């Protein structure tokens with residue numbers, strides 16, 4: 001009798017050959033390509049509504065802050081992979097603020113590490129919420145470095161994630177953030193901003209003067225829904241945060257189920273009209 005291994009080998013070879021001869025299955029022609037939006041426009045979410053929506057998600061919606069950060073950070077990491085794949089340079093500087101926006105940045109950094117990037121974390125000022133300690137521990141366990149030398153890190157990166165301020169930011173940019181925003185405004189390194197370009201007002205966009213007046217990142221990832229400031233943005237614009245139940249979509253006038261395709265966590269939006 002032939003050994004069992006000898007009998008199994010031809011059978012396995014036949015299976016592999018059958019798989020190799022399968023025809024390529026193209027993206028369905030009736031659907032928009034991954035990362036592209038079918039609808040030309042979306043309702044925007046004001047600062048007040050964005051705050052109320054977050055509260056509802058974490059009360060009647062049954063979500064925890066950790067879950068929302070995880071989904072937001074995953075969306076950001078996928079957008080970065082599209083606009084700046086590792087082949088363009090895998091060094092990513094993630095600038096994190098002390099609020100939830102900074103937490104989104106930490107989650108994005110973790111996912112990007114698993115995608116093959118080399119993230120570095122910079123905190124102008126670290127948040128006091130214990131979730132920052134847990135997210136930081138996760139990154140330390142991956143060997144992701146944290147730096148206090150922002151200028152050196154900026155000179156040694158291929159892409160920047162701006163996760164400093166989110167939709168709740170108002171007023172003037174104060175130390176220690178002013179120098180960072182000024183550096184972001186002047187660098188030629190491509191930047192992806194999380195939910196809002198840092199220093200921008202959620203309603204009126206970039207400030208008229210001071211730090212951030214000339215800040216225009218290459219990419220913006222709006223979370224849950226675009227904010228009014230998006231009409232002032234001229235770069236590539238993505239929407240992420242695919243988790244709203246139908247009841248909240250209807251309450252806030254959002255039609256997000258019609259936007260996403262298949263299993264995509266993000267979708268690219270059309271450029272803002274001048």
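Cβ atoms here come from the backbone N, Cα and C positions, even for glycine.
In TrEMBL, annotation is done automatically, which means it is predicted and not curated.
The feature domain 'YjeF N-terminal' is assigned by TrEMBL to 50-256.
Annotation comment: TrEMBL describes 100, 101, 102, 103, 104, 166, 167, 168, 169, 170, 171, 172, 195 as (6S)-NADPHX binding site. Around residue 100 ((6S)-NADPHX binding site), the same-chain residues six or more apart in sequence whose CB sits under 8 Å from its CB are 65, 68, 69, 166, listed in sequence order.
What TrEMBL lists as K(+) binding site is 101, 162, 198. Residue 162 (K(+) binding site): 28 other CB atoms within 10 A of its CB, across all protein chains.
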Which one of these binding-site residues, 104, 195, has the sparsest Cβ neighbourhood, judged by other Cβ atoms within 10 angstroms?
195
Quick one: pull the CA-CA distance for residue 171 ((6S)-NADPHX binding site) versus residue 198 (K(+) binding site), whole Å only.
12
Residue 198 (K(+) binding site) has how many other Cβ neighbours within 10 Å of its own Cβ?
28
Sorry to bug you, but what's the C-alpha spacing from residue 101 (K(+) binding site) to residue 169 ((6S)-NADPHX binding site), rounded to the closest Å?
10
